Amino acid sequence: MSKIFVNPSAIRAGLADLEMAEETVDLINRNIEDNDAHLQGEPIEVDNLPEDMKRLHLDDEKSSNLGEMVRVGEGKYREDFQMDEGEDPNLLFQSYLDNVGVQIVRQMRSGERFLKIWSQTVEEIVSYVTVNFPNPPRRSSEDKSTQTTGRELKKETTSAFSQRESQPSKARMVAQVAPGPPALEWSATNEEDDLSVEAEIAHQIAESFSKKYKFPSRSSGIFLYNFEQLKMNLDDIVKEAKNVPGVTRLAHDGSKIPLRCVLGWVALANSKKFQLLVEADKLSKIMQDDLNRYTSC
C-alpha cells in the first residue's frame, strides 16, 4: 500500500491561509460595525424652545397678534431654523464623511490615483460645508472680554502651530539616529517630507493591501503576510513606512517603492505575531536586497 507524504511547508502555508481568512472575516465584520456605529446613537430631544415660540397659540381671538408674533420670531430666530427640526448638522456631517471614506476606498481599489481622488473629494467636502455651515454674520461691536479671549486663543493657536512645525524635524532626526533591524545597512536617507510623498506611498500600499508577500520563517520555511494582517490604519502605516531609508525619495520621484521591505519594516515594529514567526537575520538581508534593487533603478 503506497503512502502519501505531505510537505510540512504546504501544511504551514495552508494553516496560514486559513488564519488569514479568519482575520479577513473579522476585519470585514469590524468594518461593518464601524460603518453602522452612527446608527446606534440615541435621538436628540429638544426640551427647551425659545420663549417667543412658546407663546404661539392657534387662538381665534388673538389672530391679529399671531401674525405679529410670527414675524418677530422669524426675525429673531431665523438662524436657528435653517435645517429641519430634529436634524443635528454635526451628525449629518459625520454620516457624510463616513460615506466619503467608503467611496474613497472603493475608488482606490478600482485603480484610480489617490491624488486625483483626494482633489475631487476636497472640492465636494468644501462645497458641502459651504452650503450647510454658512459663516454667521460678524457683529459690529464686541465687548472687551470677547476681544481678550480672541487674542488669547490666537496666541495659543500660534504656539500650537509652531509646535506642530517642529515635530516633523524632530521625527526626521529620530529616524536618522534610530537603528534599523539587524544587518540592515543605512545606505539611503529620507527626503522631502510633504503631503505629495505621503499620498504616493498611501496609493502604492493601498493597491497592494491584500497582496501576500513571502517572508522567511523560524522553521526554515516561509510564510505569507500582507498589509491587512497588520490591523493598522493606512495613515499609521504610511507614517511608519516613511522611516524606511530611501522610501520617501522614491515616492517623491514617482518610482515604485519596495512594498515587501516596507511591510517587513512596519510589521517588525508593530506586530508581535510577525516577530514570533519571522527569521530576523534572513528578513534583514531580504529587506536590504529589495531596498538596493529599487534604489539602484
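Cβ coordinates come from backbone N, Cα and C, glycine included.
Keep in mind the model is a prediction, meaning the values are calculated, not measured.
Among the residue ranges 207-210, 211-214, 255-258, the one that Swiss-Prot annotates as motif 'Nuclear localization signal' is 211-214.
Residues 20, 222-227, 259-260, 263-264 of the same chain, all 6+ positions outside the motif 'Nuclear localization signal' (211-214), place their C-beta atoms under 8 angstroms from a C-beta of that stretch.
In terms of DSSP helix, strand and coil, the motif 'Nuclear localization signal' (211-214) has 0 helix, 2 strand, 2 coil.
Highest local Cβ density among the modified residues Ser210, Ser271 belongs to Ser271, counted as other Cβ atoms within 10 Å over all protein chains shown. Along the motif 'Nuclear export signal' (49-58), the predicted structure has mean pLDDT 53.
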